[in-house]
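**Q** Positions annotated as transmembrane segment by Swiss-Prot, on the basis of sequence analysis: 4-21, 33-53, 123-143, 168-188, 204-224, 405-425, 450-470, 491-511, 539-559. The feature topological domain 'Cytoplasmic' is assigned by Swiss-Prot to 22-32, 144-167, 225-404, 471-490, 560-713. Annotation source Swiss-Prot lists topological domain 'Extracellular' at 54-122, 189-203, 426-449, 512-538, citing sequence analysis. Taken from Swiss-Prot, the feature N-linked glycosylation site applies to Asn76, Asn89. Under the heading coiled coil, Swiss-Prot lists 246-314, 587-620, citing sequence analysis as support. Summarising the annotation, Swiss-Prot assigns region 'Disordered' to 600-713. Swiss-Prot lists 605-629, 658-667 with the feature compositional bias 'Basic and acidic residues'. The compositional bias 'Polar residues' annotation in Swiss-Prot covers 643-657, 701-713.
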Amino acid sequence: MSGVALGIEIVSVFFLALFLLHRYGDFKKQHKLVIVGTLLAWYLCFLIVFIIPLDVSTTIYNRCVARHAVTPAPSNITVLSPTPGIVSNTTAQNHLPSADKLRSSDNSLEECSKPWSYIPRGIMPIFWRVVYWTSQFLTWILMPFMQSYARSGGFSITGKIKTALIENAIYYGTYLLIFGALLIYVAVNPNLHLEWYQLQTIGIAAANTWGLFLLVLLMGYGLVEIPRSQWNGAKKGYLLMKTYFKAAKLMTEKADAEETLEDVMEEVRKVNECIKYNHPLRKCVDTILKKCPAEYQEKMGRNMDDYEDFEEKNISYPSEKTLVKLHKQVIYAVQRHRRTQVQWSILLEQAFHLEDVAKNETSAAKQFVHTFPHQEPESWIMRRLYTPTIEWYWECLLRPWCSRILAVILALFSTVVVWSECTFFSAKPVLSLFAVFIQQAEQTHNYIYVEVVCFLSIFFLSICVYSTVFRIRVFNYYYLASHHQTDAYSLLFSGMLFCRLTPPLCLNFLGLTHMDVSISHQNIEPTAYTSIMGSLRVLPLIADVFYIYYPMLVLILCIATYFSLGTRCLNLLGFQQFMGDNDMTSDLTDEGKELIKREKRKRQRLEDGETRRREWKERYPTNREDTSRNRSVNSDQKEPTYTEMTTNRSSKYTRASNRTERDRIELLQDAEPLDFNADTFNDDPLDSESGRYQPGGRYLSMSQSNSRIFDDV
């Protein structure tokens, strides 16, 4: 099995990353470079998480072989080679004859069972160098550049590159600042001599220092909030009330995004009417129009008059710099509008599902009934296995208890992590619980247990860190939505974030397990992953101070999160957060409940209309001859005159002579709901009279109506 397990995991992890990217991204609409860059970033990060357990089990086996090697010398220890970070197993047994060496090796193999996932020497260091440096190139250079390049408002490749370099100066400046400070520290220290390997170690330490700084802050929030969210999710009505609260806040943001988009489209319309077809900047305007939504493009295309010349001296034309700024505003406004639309649709589905769960809890039939059908078609396997009865037992009975059990398990896991983060620096006695578990498994040669514990621990820490990023309001610009609804900017941000935080996260975990020799202070073989990080003894300030004591800050952050100190502070600053004992929370919850009711009525009217249309078609089917004859008549029909239009309009309000005609009229009238209001709804994104975009479907009091009495009838 030498190397087979590594090959299997490399292939399996690639297909896992490809499957997840296909679920969240859109291969057809998004740029190929975005897809390839995100896939590579996710793939490398998943490789680190999945291969670290194999590296740990292989290192434990190699240590066992070195420890049980039989030699006539009084001591038999593993010696560190002169080259930093490279470990040599040269011991006193090198002076034995070849037969004694073979006999010593056989005795070692008999006492140390080889793991099923054993990886031969020399493979893992090369593998980790390729994975680590590729991920660092992606997270620090390529992906930030791609992200800024995609948002740039320039119209040429040179302009986009220039803008991307300027915007990424803060990232490059932060990295160079940390690297320069460490470089000055090493240069000033008279006991240290700069070499290429030491410069490489300084660069790695700078990246890991920046990652660990963010890691502890995010982990302190996630270790408490994830178990608490699972526990609160089992409470009746808690998730539904929180969803109502989110709906009210998201609708406010959605309305603001719509207004921003309309304002930007108004500016685009003015520029489009000002710059004609023969203007030198017309290509720039066409590029801006391609980024606009389809309905706005059609309206602007119909209103454009290409026969007017641009050489009128009284008109002031915008400059190229103004168009670049407008182009960037269009990209941001369209992306924000799309994000709020996607998040709103996801939130509606969650609210409808939670309301269905609340209704079905009192059902005597014990069969789960959905108010609306699923948006995505279910597979025949789910339809056969996940029946309404099974769904009722799961959603109404089993799921709350499973959430409570999972919350208790996660809380215990979080306690272990916090305790280990505060005590992992103690080598004698060993206080870190992760180190205790690994050492016990090392004595019994239970490699499966070692790999499972390592994988679950890293997976839990990753969820605590990454889920916190997408929960924080500051990062609400980015989101991950399934069913191909994640935009390119969020995909690039997620890949950049994963590559930036995963290496220091795994290095921190190896420190918790004392697999890092800089923590255990033993002259034993380190893991291949920690060996490529170099000897941090080059930087004693980082190795002995920051890496040891800074993770203890996670305890303070967990206490602050448990008492919701951050939430209360944000609430006082005006950023409304969900708090059960707050009047503003109650008001927003009631407002969100009304919004969900309104959306449910709209969805119900659409469902009823589709049902009546299907029934009408089944009841009065038309044959192919009538259909073909009607098509031929309509194709030869001329434009109707004013008299014909008046006749058709008046016939809508006359009584039908037979039942078929009455059904047809009823079907046509169903297209407009009972509470339809022409003042609040406009199919045209551009109003022909005022020349300004009119929003459709405004929210609550933001939509003005001449008659509001029968709006909700």
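Using N, Cα and C of the backbone, Cβ positions are placed for all residues, glycine too.
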**Q** Test the contact criterion for the transmembrane segment (539-559) and the transmembrane segment (168-188): 3 or more CB pairs under 8 Å, pairs 6 or more apart in sequence, then answer yes or no.
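**A** They are in contact.
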**Q** Same-chain Cβ contacts of the transmembrane segment (450-470) under 8 Å, 6 or more residues past its ends?
**A** 49-50, 52-54, 56-57, 60, 117, 215, 218-219, 221-223, 225-226, 410, 413-414, 417, 434, 437-438, 441-442, 478-480, 497-498, 501-502, 505-506, 508-509, 512-513
**Q** Let me spell it out: take the transmembrane segment (405-425), skip the flanking residues so only those 6+ beyond its ends count, and list any with a Cβ under 8 Å from a Cβ in it.
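**A** Residues 219, 223-224, 226-228, 230-231, 234, 431-435, 457, 460-461, 464, 511-512, 514, 519, 548-549, 551-552, 554-555, 558 contact the transmembrane segment (405-425) from elsewhere in the chain.
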**Q** What stretch, picked from 4-21, 123-143, 491-511, has the most CB pairs under 8 A with the transmembrane segment (204-224)?
**A** 491-511
**Q** Quick one: do the transmembrane segment (33-53) and the transmembrane segment (491-511) have at least 3 Cβ pairs under 8 Å, skipping pairs fewer than 6 apart in sequence?
**A** yes
**Q** Other than its close neighbours in sequence, what residues sit by the topological domain 'Cytoplasmic' (471-490), given a CB gap under 8 Å and a spacing of at least six beyond its ends?
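**A** Sequence-remote neighbours of the topological domain 'Cytoplasmic' (471-490) are 22-26, 30-31, 34, 147, 150-151, 221, 225, 335-336, 338-339, 342-343, 346, 376, 570, 575.
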**Q** Would you kindly check 4-21, 123-143, 491-511 and say which stretch has the most C-beta pairs under 8 angstroms to the transmembrane segment (168-188)?
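**A** Comparing 4-21, 123-143, 491-511 against the transmembrane segment (168-188), the winner is 123-143.
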**Q** Using a Cβ cut-off under 8 Å, which residues of the same chain at least 6 positions beyond either end of the topological domain 'Extracellular' (512-538) come close to it?
**A** 52, 55-56, 58-59, 62-63, 66, 77-80, 84-87, 89, 124-125, 127-129, 132, 186, 192, 197-198, 200-202, 204-205, 208, 417, 420-421, 424-425, 427, 430, 432, 434-435, 437-439, 454, 457, 506, 547
**Q** Sort out the residues at least 6 away from either end of the topological domain 'Cytoplasmic' (144-167), same chain, that have Cβ-Cβ distances under 8 Å to it, and list them.
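**A** Counting only partners 6 or more residues beyond its ends, the topological domain 'Cytoplasmic' (144-167) has Cβ contacts under 8 Å with 31, 33-34, 37, 283-284, 287, 320, 323-329, 331-332, 488-489, 492-493, 496.
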**Q** When secondary structure is assigned with DSSP, how many helix, strand and coil residues does the topological domain 'Extracellular' (426-449) contain?
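**A** Tallying H, G and I as helix, E and B as strand, the rest coil: 15 helix, 0 strand, 9 coil.
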**Q** Quick test of the contact rule: Cβ under 8 Å, at least six residues beyond the ends. What residues does that give for the topological domain 'Cytoplasmic' (22-32)?
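**A** For the topological domain 'Cytoplasmic' (22-32), the far contacts come to 38, 150, 480-488, 491.
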**Q** Reported in the order helix, strand, coil, what are the DSSP residue counts of the topological domain 'Cytoplasmic' (471-490)?
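**A** Secondary-structure composition of the topological domain 'Cytoplasmic' (471-490): 7 helix, 0 strand, 13 coil.
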